[in-house]
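What follows is a short report on a single structure.
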Amino acid sequence: MAELSDQEMLRYNRQIILRGFDFEGQEALKDARVLVVGLGGLGCAATQYLAGAGVGQLTLLDFDTVSVSNLQRQTLHSDATVGQPKVESARDALARINPHITITPVNARLDDDAMTSLIAGHSLVLDCTDNVSVRNQLNAGCYTAKVPLISGAAIRMEGQVTVFTYRENEPCYRCLSRLFGENALTCVEAGVMAPLIGVIGSLQAMEAIKLLAHYGQPASGKIVMYDAMTCQFREMKLMRNPGCEVCGQ
């Protein structure tokens with residue numbers, strides 16, 4: 001396991017002193033390789049905290065460019081980066097947050113084989129997209145590679161987070177997505193409140209840190225839902241579907 005430098009020990013001191021986290025937890029983060037797919041609102045929120053917390057290697061995957069309409073909620077981007085690839089804008093912002101980590105941008109749309117190959121080289125994947133077909137592609141690749149997937153979604157004033165670890169008898173994302181099909185609304189169509197994006201992206205980062213450092217209980221086997229209108233959280237148990245095309249028998 002990678003050792004922490006003196007500068008890193010100072011930087012991450014508030015995490016290291018947490019009961020049960022210690023140097024081992026911080027070194028596990030430094031060793032980790034996390035793939036973040038989608039550098040919109042959720043991806044911007046999640047990666048800020050993953051970078052700040054000391055995740056050693058972040059791979060940023062997106063094929064979109066920054067537009068003015070993104071700036072309300074996509075906090076790594078700015079007026080100065082409008083027109084740039086999102087992964088490059090995000091990389092530069094994250095490098096300013098933490099110069100001790102490695103950030104690799106991938107400005108591309110990948111086919112299934114390339115996606116699965118990329119996933120297999122990582123410790124964990126964050127799904128920060130707003131596209132059901134891409135979400136299903138990520139789920140299939142993560143299931144094949146047995147790499148945990150943390151899925152987040154936010155629209156209007158509601159958001160949700162789910163962790164998929166692909167252990168025996170646990171559900172996968174397709175068990176969920178087959179319930180509502182391919183025609184889920186997006187933020188472009190329905191709108192979204194900016195701070196809600198920050199809440200859900202931060203929850204994704206927290207779940208990632210817990211998984212990587214074996215710290216706490218991950219939100220697997222359930223959907224954690226947040227209603228920003230009433231400031232209430234609730235959970236719904238997610239069952240594995242025997243007829244699922246990905247994880248079913």
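From the backbone N, Cα and C atoms, a Cβ is placed for every residue, glycine too.
Residues Asp62, Ser69, Asn70, Leu71, Gln72, Arg73, Lys86, Asp130, Asn131 are given by Swiss-Prot as ATP binders; from Gly41, Gly43, Gly152, that same site also lists Gly41. Here Ser69 (ATP binding site) is positioned 37 angstrom away from Cys244 (Zn(2+) binding site), judged by their C-alpha atoms.
When the Cα atoms are compared, Cys172 (Zn(2+) binding site) and Asp130 (ATP binding site) turn out to be 17 Å apart. Residues within less than 8 Å, Cβ to Cβ, of Ser69 (ATP binding site) and separated from it by at least 6 positions along the same chain comprise none. The binding residues for ATP are recorded as Gly41, Asp62, Ser69, Asn70, Leu71, Gln72, Arg73, Lys86, Asp130, Asn131; their greatest pairwise CA distance is 20 Å.
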